[in-house]
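Trainee: As annotated in TrEMBL:
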type: TRANSMEM; residues: 12-31; note: transmembrane segment
type: TRANSMEM; residues: 72-98; note: transmembrane segment
type: TRANSMEM; residues: 110-131; note: transmembrane segment
type: TRANSMEM; residues: 137-158; note: transmembrane segment
type: TRANSMEM; residues: 165-183; note: transmembrane segment
Amino acid sequence: MLIDLYLTFLKIGMMAFGGGYAVIPLIDEFVVEGNKWMNSKEFLDLISISQMTPGPIAINSATFVGQKVDGIIGSIVATLGVITPQFILMMILGYFLFSKNKKFVSLDRMLNGIKAGVVSLILITAINLFNQSVFKGAYSLENMVFPAAVTFILGLILYGKRTSLFKIIGISAALGIVLNLIIK
(Lines of atoms letter the chains of each structure in order from A and count residues from 1; the text may use other names and numbers.)
(Lines give C-alpha, C1' and ligand atoms only; values in the text may rest on other atoms or scores of the structure.)
Protein backbone atom coordinates (compact mmCIF):
# COMPACT_ATOMS: atom_id res chain seq x y z
CA MET A 1 0.00 0.00 0.00
CA LEU A 2 2.83 2.44 0.80
CA ILE A 3 4.44 1.87 -2.60
CA ASP A 4 1.10 2.56 -4.34
CA LEU A 5 0.69 5.69 -2.24
CA TYR A 6 4.19 6.94 -3.09
CA LEU A 7 3.86 6.17 -6.81
CA THR A 8 0.42 7.78 -7.02
CA PHE A 9 1.62 11.03 -5.49
CA LEU A 10 4.83 10.85 -7.50
CA LYS A 11 2.66 10.85 -10.65
CA ILE A 12 0.61 13.74 -9.28
CA GLY A 13 3.80 15.64 -8.47
CA MET A 14 5.22 15.01 -11.94
CA MET A 15 2.13 16.43 -13.63
CA ALA A 16 1.45 19.29 -11.19
CA PHE A 17 2.24 22.43 -13.14
CA GLY A 18 0.61 25.75 -12.41
CA GLY A 19 0.19 25.90 -8.68
CA GLY A 20 -2.23 24.54 -6.15
CA TYR A 21 -5.49 24.68 -8.05
CA ALA A 22 -3.98 22.87 -11.01
CA VAL A 23 -3.27 19.81 -8.87
CA ILE A 24 -6.91 19.37 -7.78
CA PRO A 25 -8.05 17.55 -10.97
CA LEU A 26 -5.05 15.23 -10.73
CA ILE A 27 -5.80 14.33 -7.12
CA ASP A 28 -9.43 13.73 -8.07
CA GLU A 29 -8.41 11.46 -10.95
CA PHE A 30 -5.88 9.37 -9.03
CA VAL A 31 -7.28 9.36 -5.49
CA VAL A 32 -11.06 9.37 -6.02
CA GLU A 33 -11.54 7.82 -9.46
CA GLY A 34 -8.45 5.62 -9.76
CA ASN A 35 -7.54 4.19 -6.37
CA LYS A 36 -10.90 4.93 -4.69
CA TRP A 37 -9.15 5.98 -1.48
CA MET A 38 -11.97 8.47 -0.86
CA ASN A 39 -15.37 9.40 -2.27
CA SER A 40 -16.51 12.72 -3.78
CA LYS A 41 -17.70 14.16 -0.48
CA GLU A 42 -14.43 13.31 1.23
CA PHE A 43 -12.63 14.89 -1.72
CA LEU A 44 -14.55 18.15 -1.24
CA ASP A 45 -13.62 18.04 2.45
CA LEU A 46 -10.00 17.42 1.45
CA ILE A 47 -9.99 20.52 -0.76
CA SER A 48 -11.54 22.62 2.01
CA ILE A 49 -9.07 21.41 4.63
CA SER A 50 -6.12 21.80 2.24
CA GLN A 51 -7.03 25.43 1.62
CA MET A 52 -7.65 26.25 5.28
CA THR A 53 -4.30 24.94 6.46
CA PRO A 54 -1.08 26.79 5.70
CA GLY A 55 1.06 25.44 2.89
CA PRO A 56 0.67 24.28 -0.70
CA ILE A 57 -2.53 22.43 -1.61
CA ALA A 58 -0.63 19.50 -3.13
CA ILE A 59 1.41 18.87 0.01
CA ASN A 60 -1.55 19.34 2.34
CA SER A 61 -3.67 17.01 0.20
CA ALA A 62 -0.94 14.37 0.03
CA THR A 63 -0.51 14.50 3.80
CA PHE A 64 -4.27 14.22 4.39
CA VAL A 65 -4.76 11.33 1.93
CA GLY A 66 -1.68 9.53 3.23
CA GLN A 67 -2.97 9.81 6.80
CA LYS A 68 -6.36 8.44 5.74
CA VAL A 69 -4.85 5.53 3.79
CA ASP A 70 -2.03 4.42 6.11
CA GLY A 71 -1.65 6.68 9.13
CA ILE A 72 1.40 8.82 9.88
CA ILE A 73 3.74 6.72 7.75
CA GLY A 74 1.28 7.04 4.86
CA SER A 75 1.21 10.82 5.21
CA ILE A 76 5.02 10.98 5.14
CA VAL A 77 5.24 8.66 2.12
CA ALA A 78 2.55 10.53 0.14
CA THR A 79 4.14 13.89 0.93
CA LEU A 80 7.57 12.66 -0.17
CA GLY A 81 6.00 11.33 -3.36
CA VAL A 82 4.42 14.64 -4.30
CA ILE A 83 7.56 16.73 -3.62
CA THR A 84 10.15 14.42 -5.23
CA PRO A 85 9.61 15.56 -8.86
CA GLN A 86 9.74 19.26 -7.99
CA PHE A 87 12.87 18.75 -5.91
CA ILE A 88 14.64 16.99 -8.79
CA LEU A 89 13.37 19.53 -11.35
CA MET A 90 14.53 22.48 -9.24
CA MET A 91 17.97 20.95 -8.81
CA ILE A 92 18.34 20.40 -12.57
CA LEU A 93 16.94 23.81 -13.55
CA GLY A 94 19.01 25.50 -10.87
CA TYR A 95 22.14 23.92 -12.26
CA PHE A 96 21.45 25.01 -15.84
CA LEU A 97 20.05 28.45 -15.09
CA PHE A 98 22.60 29.55 -12.52
CA SER A 99 25.75 27.82 -13.67
CA LYS A 100 25.51 28.56 -17.39
CA ASN A 101 23.71 31.90 -16.98
CA LYS A 102 21.86 31.57 -20.31
CA LYS A 103 18.32 32.42 -21.33
CA PHE A 104 16.35 29.37 -22.43
CA VAL A 105 13.76 30.59 -24.94
CA SER A 106 12.39 27.10 -25.56
CA LEU A 107 11.87 26.62 -21.80
CA ASP A 108 9.91 29.89 -21.63
CA ARG A 109 7.72 28.81 -24.55
CA MET A 110 7.12 25.40 -23.01
CA LEU A 111 6.10 26.95 -19.69
CA ASN A 112 3.73 29.38 -21.45
CA GLY A 113 2.06 26.44 -23.18
CA ILE A 114 1.72 24.61 -19.89
CA LYS A 115 0.13 27.69 -18.28
CA ALA A 116 -2.64 27.69 -20.91
CA GLY A 117 -3.39 24.03 -20.25
CA VAL A 118 -3.42 24.63 -16.50
CA VAL A 119 -6.07 27.34 -16.86
CA SER A 120 -8.38 24.87 -18.62
CA LEU A 121 -7.78 22.24 -15.91
CA ILE A 122 -8.64 24.76 -13.19
CA LEU A 123 -11.80 25.81 -15.06
CA ILE A 124 -12.98 22.21 -15.49
CA THR A 125 -12.30 21.48 -11.82
CA ALA A 126 -14.15 24.62 -10.72
CA ILE A 127 -17.19 23.55 -12.73
CA ASN A 128 -17.07 20.03 -11.27
CA LEU A 129 -16.66 21.31 -7.69
CA PHE A 130 -19.50 23.77 -8.24
CA ASN A 131 -21.79 20.99 -9.48
CA GLN A 132 -20.86 18.65 -6.61
CA SER A 133 -21.20 21.21 -3.83
CA VAL A 134 -24.19 23.21 -5.07
CA PHE A 135 -26.47 20.79 -6.89
CA LYS A 136 -27.09 18.22 -4.20
CA GLY A 137 -30.61 17.43 -5.38
CA ALA A 138 -32.11 17.01 -8.81
CA TYR A 139 -31.34 19.54 -11.51
CA SER A 140 -34.42 21.71 -11.31
CA LEU A 141 -34.97 25.42 -11.69
CA GLU A 142 -35.70 25.74 -7.97
CA ASN A 143 -32.42 24.06 -7.02
CA MET A 144 -30.38 26.17 -9.45
CA VAL A 145 -31.71 29.72 -8.91
CA PHE A 146 -30.35 30.31 -5.41
CA PRO A 147 -26.76 29.05 -5.85
CA ALA A 148 -26.52 30.55 -9.32
CA ALA A 149 -27.64 33.93 -7.98
CA VAL A 150 -25.11 33.83 -5.13
CA THR A 151 -22.33 32.82 -7.51
CA PHE A 152 -23.25 35.47 -10.09
CA ILE A 153 -23.54 38.32 -7.58
CA LEU A 154 -20.34 37.30 -5.80
CA GLY A 155 -18.57 37.11 -9.16
CA LEU A 156 -19.70 40.65 -10.04
CA ILE A 157 -18.58 42.00 -6.68
CA LEU A 158 -15.18 40.32 -6.75
CA TYR A 159 -14.33 40.57 -10.46
CA GLY A 160 -10.81 41.94 -10.87
CA LYS A 161 -10.26 42.46 -7.15
CA ARG A 162 -7.90 40.74 -4.77
CA THR A 163 -10.08 39.90 -1.82
CA SER A 164 -9.27 37.98 1.32
CA LEU A 165 -10.83 34.61 1.98
CA PHE A 166 -12.61 35.98 5.06
CA LYS A 167 -14.31 38.70 3.00
CA ILE A 168 -15.40 36.16 0.38
CA ILE A 169 -16.90 33.89 3.04
CA GLY A 170 -18.58 36.85 4.74
CA ILE A 171 -20.02 38.20 1.50
CA SER A 172 -21.20 34.69 0.51
CA ALA A 173 -22.92 34.19 3.85
CA ALA A 174 -24.60 37.61 3.69
CA LEU A 175 -25.72 37.03 0.09
CA GLY A 176 -27.01 33.60 1.06
CA ILE A 177 -29.11 35.03 3.88
CA VAL A 178 -30.48 37.93 1.82
CA LEU A 179 -31.28 35.81 -1.23
CA ASN A 180 -32.84 33.12 0.94
CA LEU A 181 -35.17 35.72 2.46
CA ILE A 182 -36.04 37.14 -0.97
CA ILE A 183 -36.56 33.81 -2.76
CA LYS A 184 -38.52 32.07 0.02
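Every residue, even glycine, has its Cβ placed from backbone N, Cα and C.
Automated prediction, rather than curation, is the source of TrEMBL annotations.
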Trainee: Mind checking which residues of the chain, 6+ beyond the ends of the transmembrane segment (12-31), have their Cβ under 8 Å from one of its Cβ atoms?
Mentor: 37-38, 43, 46-47, 50, 56-58, 61-62, 65, 81-86, 114-115, 117-119, 121-122, 124-125, 128-129
Trainee: In the same chain, which residue numbers or ranges, 6 or more beyond the ends of the transmembrane segment (72-98), come under 8 angstroms Cβ to Cβ?
Mentor: 1-2, 5-10, 12-14, 16, 58-59, 61-66, 104
